[in-house]
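Worksheet: one structure, shown below.
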Amino acid sequence: MSLDLTAAAPAAPTTADDGVWLACIECGETFAPFSSIRYTCDHCDGLLEVRYADPPTFEDFAGDGVWRYAAALPFEEGVSLPEGSTPLHHVPRLESEVGVERLRVKHEGMNPTGSFKDRGMTVGVRVAKELGVGRLACASTGNTSAALAAYGARGGMATLVLLPAGKVAAGKIAQAALHDARILEVDGNFDDCLDIVQELAARGEVYLLNSLNPFRLEGQKTIGLEILEEFRADHDTYPDRIVLPVGNAGNTSALYKCFRELVQSGALDPADVPKLTGVQAEGAAPLVEAVEEGNDGIRRWPDVETVATAIRIGNPVNAPKALPGIRATGGTAVAVSDEAITDAQRALAGEGVGVEPASAASIAGLRKLRDQGVVDADEQVVCLTTGHLLKDPDAAFEAGNDPEPVPNDAEAVLEHIAE
Ligand SMILES: *Cc1c(COP(=O)(O)O)cnc(C)c1O
Ligand SMILES: [Zn+2]
């Protein structure tokens, strides 16, 4: 199968442009990458993947941020703010409470617009320029719209975002608004928004920058490259497991692609590939269902609900790329309750790491898998936190302490805090 972890690097087809091409993950058909716009296979509608004649090795990388990894990307530079080079935090109290040998938190909320979506957009908007398109668009649970609006603005391009009405956190809409996106609120959920924007893209009205766009996942691969390099620099080894929240499963797919390409180039031993472990909210867990039932595809969940609005998704479009990754790396997927997510958000905040609810799902999932004995005590784990606390101020107020009104008087304040 084309998504095998140990498959050899593919030979470049005649359609390749400078060693880069698109390939269908279902039927294997190849396409020139920049001569025309397509998001899925012309023949079978399967997902497309960017392929390279020369997969990268660690020696090819130089500089900082996403573009340090230009050798793994289709361009030398992009429309940049800049993005990447996010911290890999020690969280000693959480590490001992969860009970694993080593726990690190890769805080993607420290990107320019506060989520990992920036890594995809720096590449995606660069590709949009190459293709000469006029208007960029996405459906979004919030963070994609914030990133698209900012990177579109940076690139001098018009942006259109479709959001599920009433289900997007305040910080994210504020970003899209100020970065000058046209914001269309749809009376439906995220999956409905994605159906509509795909239709607009199919009619040639907009260039689609959801994670269905294979170039976005190229940028997001750099999360994996950073984790491997940083972890090895600090600990002289690679993590056993990477735990991440799953919405459309773009990141899960991107991390798996990162590992496959490093294995292809000989830079990474297949035995060193971290186990990809996806976490969803119980109210939106179609990928967990597919993993638990051993299904090849997912069943679309029509009604989804969770406090973690960034992963409130019932039809993860990248499941055909992500499921093979979870299986081939020996990983798994787990669903967690909203209470567990909020508890984990508080626990991270207690280490000084402020994240939005979806991000905390990674920690909640690790806790649950450790309790179940699926994760061993001797494991070295990296949890991905995908978005910043300020993205969702309402959730933070809900999870955190209430402000206390006090009189305008020092004595009275002293009395109050002594209570
Ligand atoms: C987009 C997003 C996710 C989901 O990522 P996928 O790649 O779609 O699985 C998770 N958390 C946050 C904060 C996000 O913005
Ligand atoms: Zn195909």
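Along the chain as shown, residues are numbered 1 onward.
Any Cβ shown, glycine's included, is placed from N, Cα and C.
Take the pyridoxal 5'-phosphate site that TrEMBL assigns to Asn143, Gly247, Asn248, Ala249, Gly250, Asn251: the candidate from Thr6, Thr386 listed for it is Thr386.
In the three-state DSSP assignment, the secondary structure recorded for Gly250 (pyridoxal 5'-phosphate binding site) is helix. The secondary structure of Thr386 (pyridoxal 5'-phosphate binding site), as reduced to three states from DSSP, is coil rather than helix or strand. The pyridoxal 5'-phosphate-binding residues named in the record, Asn143, Gly247, Asn248, Ala249, Gly250, Asn251, Thr386, extend over a maximum Cα to Cα distance of 15 Å. Between the listed binding-site residues, namely Asn143, Asn248, Thr386, the fewest other CB atoms within 10 angstroms of a CB are found at Asn248. Across the fold, the C-alpha of Asn248 (pyridoxal 5'-phosphate binding site) and the C-alpha of Lys117 (N6-(pyridoxal phosphate)lysine) stand 12 Å from each other. Taking CA atoms as the reference points, Thr386 (pyridoxal 5'-phosphate binding site) and Lys117 (N6-(pyridoxal phosphate)lysine) are 9 Å apart. Of the listed binding-site residues, namely Gly247, Gly250, the sparsest Cβ surroundings within 10 Å are found at Gly250.
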